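J.: Here it is, the structure, as structure tokens.
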Amino acid sequence: MFQDKGWILVTLITLVTPSWAAYKLQERYSWNQLDFAFPNTRLKDQALASGDYIPQNALPVGVEHFGNRLFVTVPRWRDGIPATLTYINMDRSLTGSPELIPYPDWRSNTAGDCANSITTAYRIKVDECGRLWVLDTGTVGIGNTTTNPCPYAVNVFDLTTDTRIRRYELPGVDTNPNTFIANIAVDIGKNCDDAYAYFADELGYGLIAYSWELNKSWRFSAHSYFFPDPLRGDFNVAGINFQWGEEGIFGMSLSPIRSDGYRTLYFSPLASHRQFAVSTRILRDETRTEDSYHDFVALDERGPNSHTTSRVMSDDGIELFNLIDQNAVGCWHSSMPYSPQFHGIVDRDDVGLVFPADVKIDENKNVWVLSDRMPVFLLSDLDYSDTNFRIYTAPLATLIENTVCDLRNNAYGPPNTVSIPKQAVLPMGPPLYTKQYRPLLPQKPQTSWASSPPPPSRTYLPANSGNVVSSISVSTNSVGPAGVEVPKAYIFNQHNGINYETSGPHLFPTHQPAQPGVQDGGLKTYVNARQSGWWHHQHQG
């Protein structure tokens with residue numbers, strides 16, 4: 001009967017449900033407390049005795065993957081942190097609790113040696129040219145204990161030679177007495193020299209752009225979108241209620257290149273449930289720092305309990321972000337409107353994902369998530385007989401499967417009526433330019449996940465303040481009952497004349513060069529006890 005009327009019955013269940021175990025992300029590494037790869041036991045014992053190494057003071061906050069190395073950052077918030085920029089040799093340590101190896105070496109992790117070392121690193125980024133971007137905050141301590149032995153400095157390493165190829169100190173005009181920068185986004189244009197980095201000043205309320213080619217930076221400050229929302233400063237994580245009401249612009253992600261040759265930068269203040277956006281055409285232009293207010297776009301709120309500190313977007317426009325209040329990782333497909341019904345949860349774990357501090361997507365479209373129980377570390381006491389820090393991984397396709405972010409999911413578009421591409425692609429046309437990047441990394445063997453058991457049937461639409469939505473009839477036509485438009489990606493694109501260009505056509509008009517006379521416009525156990533199909537196939541076969 002429903003088919004005759006052209007309707008599909010879709011059951012939507014609120015996220016206000018009991019906690020569940022994560023089924024998609026798989027634990028790769030875990031620690032009760034961090035350990036470092038000292039040159040020998042004698043030096044390690046000396047560091048322990050002197051207080052240069054205090055294991056209980058080390059908290060990992062950032063993760064990034066490249067080749068056979070998994071980078072982990074450990075800020076010097078407390079005494080006894082022997083190295084801030086480290087990595088795991090994944091050839092030697094497939095799983096377990098490996099020692100962290102200082103990168104590129106021990107000497108380069110000396111606190112206070114401003115010109116030659118990194119004092120404190122937070123989140124880092126590997127670009128498609130094989131370079132590791134690290135912002136040294138130059139700080140030791142946190143909050144009222146903070147000292148600044150060194151200035152903020154951009155450090156870039158060549159990962160093929162493991163040498164630093166650039167150090168750039170941020171000038172005083174780009175910071176202020178309240179500056180705290182913990183996030184970075186890297187924008188590569190037509191070649192490796194056409195590179196920009198963007199830094200979010202969380203407590204100084206600004207956005208700093210740096211040009212690799214010009215070796216110069218500038219600051220955007222005159223925007224209220226960088227500030228916290230006074231109604232969103234209350235947090236609840238791991239049973240701890242606390243207020244981070246001063247936390248401004250924090251997490252950032254970059255879209256794929258749009259048809260006008262620029263990307264879209266998405267960002268959120270930490271004390272906020274809302275996302276904002278701006279074209280990198282604006283950020284790349286030093287002359288626009290004071291007159292670009294109306295070039296920034298405010299998007300909708302994500303919904304309740306949706307504070308986020310980290311976000312990343314794939315090259316086909318799928319954004320992943322941590323949901324620190326929900327012990328979860330969320331998703332949004334950027335070809336869809338930024339509204340709660342188009343946000344999904346790819347995984348949740350009320351033990352393993354307590355404060356998923358960082359989320360990354362690597363060159364092979366594998367996702368990496370680091371969780372660290374940060375509020376417990378800062379505001380209470382960690383139990384060092386328990387597992388406190390974890391790094392998870394899964395293929396991106398596995399994570400978004402059966403969520404609203406998977407546009408191939410028939411629940412969000414009827415079969416045999418509209419051909420939905422497997423991935424959102426930019427409109428076809430003559431190339432804007434030819435990228436001149438480094439040679440491609442050797443690709444990992446392609447693994448078929450066809451034999452993997454499907455995850456439990458779950459829905460991922462955000463909770464609506466306790467209201468349960470169920471048994472909604474969705475029309476295969478563009479307009480449903482009572483003239484309500486159906487929330488489907490293909491219908492949204494049809495109504496708005498969008499030709500599947502990700503992240504921006506519904507936000508920014510395609511930029512054209514200026515013309516004369518024309519205004520420019522729960523519960524998770526270890527991997528070997530979980531053995532999801534794809535993990536078992538990849539590592540046991």
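Backbone N, Cα and C atoms are what each Cβ position is placed from, and that goes for glycine too.
Copied straight from Swiss-Prot:
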type	residues	note
SIGNAL	1-21	signal peptide
CARBOHYD	Asn144	N-linked glycosylation site
CARBOHYD	Asn215	N-linked glycosylation site
REGION	443-463	region 'Disordered'
J.: Measuring Cα to Cα, how many angstrom lie between Asn215 (N-linked glycosylation site) and Asn144 (N-linked glycosylation site)?
T.: 33
J.: Using all protein chains shown, find which of the glycosylation sites Asn144, Asn215 scores highest when you count other CB atoms within 10 A of its CB.
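T.: Ranked by Cβ atoms within 10 Å, first place goes to Asn215.
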J.: Which three-state DSSP class does Asn144 (N-linked glycosylation site) fall into?
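T.: Its secondary structure by DSSP: helix.
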